[in-house]
Ligand code: G16
């Protein structure tokens with residue numbers, strides 16, 4: 001039987017800009033919004049094909065550029081389980097985004113339909129949402145045009161959401177009325193699930209006090225909504241909550257700013273109380289980092305590594321209490337501070353896996369454990385509870401009240417964390433729950449290990465695609481000789497470590513350096529970045 005082709009002549013309204021090669025990067029397409037509409041149209045077409053290919057499962061599309069500055073935007077596709085798009089399909093996305101003309105695009109689409117044997121009469125189902133960027137509404141129009149062109153895919157606009165909320169909805173819709181239903185597939189259902197789990201974990205405890213820097217992004221109204229459902233179990237103050245003014249997004253505030261600059265975000269008084277807990281979200285609230293001012297008045301960062309170690313240590317104690325034999329592992333990237341890895345392996349005795357940057361890589365590695373904790377140092381991460389591990393806990397024959405309490409807490413935590421992707425709101429509650437139970441202030445949390453001083457820098461180069469890496473991004477294979485030049489520098493520094501990799505979200509190359517003192521880490525970072533001047 002001949003496979004019917006589809007007509008996407010409306011792509012003419014969204015011509016591809018000349019001279020640009022689009023790539024599906026670390027977290028989807030991410031560019032200046034002015035050049036993105038052709039790509040977003042094609043993302044609509046591909047999302048509809050992906051849904052049909054999977055028999056009509058719900059696929060998500062998020063219009064966001066997360067931590068990037070206000071003029072940027074992006075699009076990423078969410079797979080039915082709420083995780084990131086399967087890697088083979090990233091290649092198809094890049095291929096469609098680079099079709100030069102509408103005819104070329106139609107040919108590539110029809111070829112994909114043929115090669116993958118996609119039945120285009122299968123109803124497609126795509127849901128989408130956007131962050132608070134000014135360019136969002138226009139890009140949503142381009143997406144809708146792409147969905148319509150792809151044989152009128154059924155689609156639902158969820159308006160303004162955080163990225164993790166869209167991931168939650170995709171998974172909840174696909175598991176609706178099934179034995180492993182993930183949650184009620186509404187925004188309200190999301191808040192209720194998190195709030196109920198938090199209240200269960202912390203019944204009767206004093207509310208923890210926290211000030212949240214929402215990066216002037218969509219996390220601001222959404223965390224306020226969540227707090228209403230928490231009914232006084234959290235004492236929250238919000239700063240940088242002006243999401244209605246998109247020009248302020250991520251500007252001198254937010255998780256990326258605080259992590260990279262290792263300083264307080266704008267919007268705080270100079271006279272910040274000591275030992276009080278703060279946190280920063282990024283622009284679409286899929287990342288979170290915490291911080292405080294210590295007794296000597298020094299800024300202290302509690303980043304993704306500190307969240308991972310806090311969670312792993314707490315979960316390990318609980319698992320031991322259950323006597324269930326479940327295993328726990330932690331997944332990190334090359335950006336993980338050397339001290340955190342050392343602490344996990346030597347003190348907590350937890351296995352650590354290192355993957356390339358990007359939640360998609362960490363997520364898959366974490367699925368190999370009964371309980372997999374994954375966090376990038378930048379604060380992007382979550383905890384995965386393997387379905388078999390949850391089933392084991394649910395049916396476990398308990399022999400003591402302590403064992404039962406530990407099992408109940410673990411099960412409540414599996415509801416508290418958004419297991420589809422890193423989620424600033426859910427991670428916030430996870431951390432507050434642990435700190436409350438342990439009765440820890442931020443300094444107690446921070447004392448588990450001392451970060452090796454480090455520096456993160458960016459450099460603009462003429463073509464970042466020439467930087468090819470291996471060994472979970474810790475070693476450059478191209479350009480030739482650059483890695484040996486870096487190695488020569490690193491060996492001169494006590495506890496020195498440095499690597500260079502191309503960003504998959506910004507048009508820069510990132511440089512990470514670590515050494516025994518801050519002065520030396522800064523110096524190593526600057527020297528490595530000087531090596532990159534040859535590639536400008
Ligand atoms: C995205 C990814 C993260 C990654 C970050 C930076 O975060 O989801 O996994 O760490 O980009 O990636 P790169 O170094 O390749 O630019 P977000 O919060 O911007 O979506």
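In case you wondered, yes, glycine gets a Cβ from its N, Cα and C as well.
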Report summary line: Given that TrEMBL records 282, 284, 286 as binding Mg(2+), the matching residue among 51, 66, 498, 503 is 66
Query - Stretch with greatest number of CB pairs under 8 Å, the domain 'Phosphoacetylglucosamine mutase AMG1' (205-289) reference, 59-94, 303-440, 468-525 candidates - result: 303-440
Query raised in the report: When the Cα-Cα distance from residue 510 (substrate binding site) is computed for each of the binding-site residues 282, 284, 286, which gives the smallest value?
Result: 282
Report task. For residue 502 (substrate binding site), just give me the three-state DSSP call. Result -> strand
Query raised in the report: How do the residues of the domain 'Alpha-D-phosphohexomutase C-terminal' (468-525) split into helix, strand and coil according to DSSP?
Result: 17 helix, 19 strand, 22 coil
Report task. Among all chains shown, work out which of the binding-site residues 66, 378 has the most CB atoms within 10 A of its CB. Result -> 66
Query raised in the report: Can you tell which of 282, 376 has the most other C-beta atoms within 10 Å, given these are the binding-site residues?
Result: 282
